[in-house]
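Peer 1: Structure provided below as structure tokens; questions to follow.
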Amino acid sequence: MANLSLLVAVLALSLSSVALAADNSALQDFCVADPKGQVLVNGLACKDPKLVEANDFFFSGLHTAGNTTNPNGSKVTPVFATQLPGLNTLGISMARIDYAPWGINPPHMHPRATEILTVLDGALEVGFVTSNPENRHFRVVLQKGDAFVFPIGLVHYQRNVGYGNAVAIAALSSQNPGLITVANAVFGATPDIDSDVLVKAFHLDKAIVNYLQSNKF
Ligand SMILES: *[C@@H]1O[C@H](CO)[C@@H](O)[C@H](O)[C@H]1NC(C)=O
Ligand SMILES: *[C@@H]1O[C@H](CO)[C@@H](O)[C@H](O)[C@H]1NC(C)=O
């Protein structure tokens, strides 16, 4: 009998870990991040609820276009728990993304969030690559008012394919989605990944690998 209940408990645990793929459910109304918190927890420590103010749930700045004068030709303005302390433990965040003509948001992934993106202005080519079926590439062109979802953990990108600037708003299913940009992670790691690993992995000449590694992103 004890063994049976143990089995049931283990099963329930393993099922719940599948269901809890995103941020955990909150145990209180809010846990506004305390920027001076000394305790290291999964997330940020809570500010005393009696000291919480309306401003802790407020962010201003998404009306301002990001500066896209950079090699990507794009700029992400994040609204994560760091920028909006009230988001702490709530499992959601957002960002504004600006794109110059032909600007890109390079291939990257969010280890902790699914992302839904809507175009406010311009036209964007968007895509992601799956793990199963292996390396299947899904791609569409979005116009103003269209939305597209990038499933959690998958490599995805955007490119402005219109003639003017493009603007999008992304919503993400984590207060802190995390960002791994493929090129930076592989060729810009510190200390370097041994170039021989990258020569074999990418079928590239060693000189090209060395060049990419020296050109820190
Ligand atoms: C945008 O960024 C570029 C490159 O860093 C800089 O030269 C330029 O002054 C910035 N423009 C504005 C309006 O801040
Ligand atoms: C280009 O975008 C990536 C991903 O957002 C970022 O890591 C990198 O710093 C950007 N490069 C420039 C020059 O802005």
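Keep in mind that glycine also has a Cβ here, set from the backbone N, Cα and C atoms.
Just so you know, TrEMBL annotations never went through curation; they're auto-generated.
Found this in TrEMBL, in case it helps:
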SIGNAL    1-21  signal peptide
DISULFID  C31-C46  disulfide bond
DOMAIN    60-210  domain 'Cupin type-1'
BINDING   N105, H110, E115  oxalate binding site
BINDING   H108, H110, E115, H156  Mn(2+) binding site
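I'm curious about the neighbourhood of these features; can you describe it?
Peer 2: There are 24 other CB atoms within 10 A of the CB of C31 (disulfide bond), with all protein chains counted.
For the recorded site, H110 (oxalate binding site), the DSSP three-state label reads coil.
The Cβ of H156 (Mn(2+) binding site) has 22 neighbouring Cβ atoms from other residues within 10 Å, across all protein chains displayed.
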Peer 1: Using the centroid of the Cβ atoms of N105, H110, E115 as reference, list every other same-chain residue with Cβ within 8 Å of it (recorded oxalate site), in sequence order.
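Peer 2: For the oxalate site, the extra neighbours are A95, H108, M109, A113, L117, F150, H156, A170, L172, P177, L179.
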Peer 1: Helix, strand or coil: which one is E115 (oxalate binding site) in, per DSSP?
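Peer 2: DSSP assigns E115 (oxalate binding site) to strand.
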Peer 1: If you skip the near sequence neighbours and keep only those at least six away, which residues in the chain come within under 8 angstroms of H110 (oxalate binding site), Cβ to Cβ?
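Peer 2: Once residues fewer than 6 apart are set aside, H110 (oxalate binding site) is near F150, I152, G153, L172, S174, P177, G178, L179, I180.
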Peer 1: If the Mn(2+) site is taken as the center of the Cβ atoms of H108, H110, E115, H156, which further residues of that chain fall within 8 Å of it by their Cβ?
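Peer 2: Output for this site, in sequence order: M109, A113, F128, F150, L154, V155, P177, L179.
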Peer 1: Between the Cα atoms of N105 (oxalate binding site) and C46 (disulfide bond), what distance do you get, rounded to the nearest Å?
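Peer 2: Between the Cα atoms of N105 (oxalate binding site) and C46 (disulfide bond), the distance comes to 33 Å.
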Peer 1: Would you kindly give the Cα-Cα distance separating C46 (disulfide bond) and H108 (Mn(2+) binding site), rounded to the nearest Å?
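Peer 2: Here the two Cα atoms lie 30 Å apart.
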